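J.: Have a look at this one before I ask anything.
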Amino acid sequence: MKTLPAMLGTGKLFWVFFLIPYLDIWNIHGKESCDVQLYIKRQSEHSILAGDPFELECPVKYCANRPHVTWCKLNGTTCVKLEDRQTSWKEEKNISFFILHFEPVLPNDNGSYRCSANFQSNLIESHSTTLYVTDVKSASERPSKDEMASRPWLLYRLLPLGGLPLLITTCFCLFCCLRRHQGKQNELSDTAGREINLVDAHLKSEQTEASTRQNSQVLLSETGIYDNDPDLCFRMQEGSEVYSNPCLEENKPGIVYASLNHSVIGPNSRLARNVKEAPTEYASICVRS
């Protein structure tokens, strides 16, 4: 069976009309994927210290030919190109990075930056990114993000230390109270001891006075003068140191002997023990009628 030319022409037209939509879609997506795109987030910020090196990246996506990309710094409404700065490319699998180098960062680098790409006579600009440069002198005054993040942990660590002075103060107050209580008890015991000593001294003084009186009475009773009175013949006592001639005749003269007692009686009786006793003196008295 022979195919007619008209049938062949109809088949070709059918395949052409069937493939046109797919070819158009592929072509459209191909154009979209090959457009240059700059991926800088809107209102992005970077905080850096003056004197440190820094790399500002501009993510660029393209197809075959790499576009010409530049950096500029915003000054009011205009953007001044930074052609004298060091730049470089960093290629990765699905995207590339156009890098602006700061070696080192200076205080006047503070501001907003923007990258732009020139592709097929078209200028594509990115969103601006801002650099906040902190001077080294004021860096110690402004805490970093790491320090701000570590502050809660620092507070948790300092909480036990905050209770330590309170504990020390409480212990010191308790110690002072105990010392005062012991001092009061010592004062009370000293006062009671003094009162007891005063009572004992008073009793001792009374006993000393009583013994002194008894000794004086005994000495007075032991000391006497004897004569020839017949009534005194029988008045001699034991331990008497006076000797007389008893029971003499009435008309005869008699001799009486008397002893002189030099004992010391008084509060300083202890001193008398160290004093040597003088020899006893006797006196003879002749009594005549």
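Positions of Cβ are set from backbone N, Cα and C atoms, glycine also.
Below are the features I grabbed from Swiss-Prot:
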| type | residues | note |
| --- | --- | --- |
| DISULFID | C34-C63 | disulfide bond |
| DISULFID | C58-C115 | disulfide bond |
| DISULFID | C72-C79 | disulfide bond |
| DOMAIN | 31-132 | domain 'Ig-like V-type' |
| CARBOHYD | N75 | N-linked glycosylation site |
| CARBOHYD | N94 | N-linked glycosylation site |
| CARBOHYD | N110 | N-linked glycosylation site |
| SIGNAL | 1-30 | signal peptide |
| TOPO_DOM | 31-157 | topological domain 'Extracellular' |
| TOPO_DOM | 179-289 | topological domain 'Cytoplasmic' |
| TRANSMEM | 158-178 | transmembrane segment |
J.: Per-residue pLDDT averaged over the domain 'Ig-like V-type' (31-132) comes to what?
T.: 90
J.: Can you tell me how far the Cα of C79 (disulfide bond) sits from the Cα of C115 (disulfide bond), in Å?
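T.: So the Cα of C115 (disulfide bond) lies 10 Å away from that of C79 (disulfide bond).
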J.: Which one is it: of the disulfide-bonded residues C63, C72, C115, which Cβ has the fewest other Cβ atoms within 10 Å in this structure?
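T.: Lowest Cβ count within 10 Å among the disulfide-bonded residues (C63, C72, C115) is C63.
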J.: Is C34 (disulfide bond) helix, strand or coil when read with DSSP?
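T.: The residue in question, C34 (disulfide bond), is coil (DSSP, three-state).
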J.: Taking the Cβ of each of the glycosylation sites and counting other Cβ atoms inside 10 Å, which one has the highest number: N75, N94, N110?
T.: N110
J.: Can you tell which of C34, C58, C79 has the most other C-beta atoms within 10 Å, given these are the disulfide-bonded residues?
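T.: In terms of Cβ crowding, the pick is C58.
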J.: If you measure from the CA of N94 (N-linked glycosylation site) out to 10 Å, which recorded positions from the list C34, C58, C72, N75, N110, C115 are inside that radius?
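T.: Close recorded positions: none.
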J.: If I take the Cα of C72 (disulfide bond) as reference, which of the recorded positions C34, C58, C63, N110, C115 has the closest Cα?
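T.: When the Cα distances are compared, C115 comes out closest.
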J.: Can you figure out which of C34, C58, C63, N110, C115 (the recorded positions) comes closest in space to N75 (N-linked glycosylation site), comparing Cα atoms?
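T.: Comparing Cα positions, the closest of these recorded positions turns out to be N110.
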J.: Out of C34, C58, C63, point to the one nearest N110 (N-linked glycosylation site) in space (Cα versus Cα); all of them are disulfide-bonded residues in the record.
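T.: Of all the candidates listed, C58 is nearest in space.
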